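Some notes on the structure that comes next.
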Amino acid sequence: MSKSHPRWRLAKKILTWLFFIAVIVLLVVYAKKVDWEEVWKVIRDYNRVALLSAVGLVVVSYLIYGCYDLLARFYCGHKLAKRQVMLVSFICYAFNLTLSTWVGGIGMRYRLYSRLGLPGSTITRIFSLSITTNWLGYILLAGIIFTAGVVELPDHWYVDQTTLRILGIGLLMIIAVYLWFCAFAKHRHMTIKGQKLVLPSWKFALAQMLISSVNWMVMGAIIWLLLGQSVNYFFVLGVLLVSSIAGVIVHIPAGIGVLEAVFIALLAGEHTSKGTIIAALLAYRVLYYFIPLLLALICYLLLESQAKKLRAKNEAAM
């Protein structure tokens, strides 16, 4: 069936509305899981300087994440305007954090980039590079912090300190292997399910690691500020890294419950009180997840309304 066929156009409209309704339903379900009275009480009681600093770092983090797609723009060689790339990246990241990688990382990227005129093969390369960049920074930081023994694990926990150090060494070996391939591999092209991927240069790989590592460190700094700076920053960052991989394994949208469980298990007691941890993470979820998601929803609707005009402009420029 031709893409210009009336039935095809109708099917696309129906699917778009079904997707939009599904997003609204997921938002409502997520909102019901949050104790909003406690959230606003926590925010009202926060030190204003710490809260404003945290808000500023949230903005910085989302801007840094936008650089992942700018790296992908350079990697793929597509000509979409940088502001369009940053906007799509912001929308996708906000949806990805709260509604899973399938919705934000994959679904939204394919939807928006295709609406702006990019072919599916290019979008696949953008997504692949973006997710690789994100986890390269994670692997590098986690490797350093786990190997250094910064995270103090309780005796009753699932893994011991030695296992975590071995894991850290393994992660650093992954980084070393990736850099070696980027620097010395002779065969730099690979095809995965019909999609051609090209191994980047070692300088590009270093840029991926640097940008992503800074983003993870900014995320850790947000929680550290909201905890009142009462705990060592690198310990907080290490706990965030542990909770992030736990969230991926459990695979719950927004890691609801996982983030809190890991932070309470590793921080509560001699480091800080359970109430302080819960309050900080409630504020973190509002600032880093929920408010950006609401803004992203508005941006998504605006971008959808302008997509046809922007696509025509992009195709003329290409």
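Cβ coordinates come from backbone N, Cα and C, glycine included.
The topological domains that Swiss-Prot gives for CYS76 and LEU303 carry different names, which places them on opposite sides of the membrane. Nonlocal intrachain contacts for the topological domain 'Cytoplasmic' (107-125), taken as residues 6+ away from its ends with a CB within less than 8 angstroms of a stretch CB, comprise 19, 72, 75-76, 78, 80, 84, 88, 91-92, 95-96, 195-197, 300, 303-304, 307-308, 310-311, 314-315, 318. Between the transmembrane segment (51-71) and the stretches 126-146, 166-186, 206-226, 278-298, it is 206-226 that has the most C-beta pairs under 8 angstroms. Long-range neighbours of the topological domain 'Periplasmic' (147-165) within the same chain, counting only residues 6 or more positions beyond its ends whose Cβ lies under 8 Å from a Cβ of the stretch, are 172, 232, 234-235, 237-239, 242, 265-266. Within its own chain, the transmembrane segment (206-226) is flanked in space by residues 46, 50-51, 53-54, 57-58, 60-61, 64-65, 67-68, 71, 129, 132-138, 140-141, 175, 179, 200, 233, 236-237, 240-241, 279-281, 283-284, 287-288, which lie at least six positions past its ends and keep a Cβ under 8 Å from the stretch. Taken through DSSP, the topological domain 'Periplasmic' (72-85) splits into 9 helix, 0 strand, 5 coil.
Remote same-chain partners of the topological domain 'Periplasmic' (72-85), defined as residues 6 or more beyond its termini with a Cβ less than 8 Å from a stretch Cβ, comprise 66, 113, 116-118, 122, 125-126, 129-130, 133, 198, 200, 204, 310, 314, 317-318.
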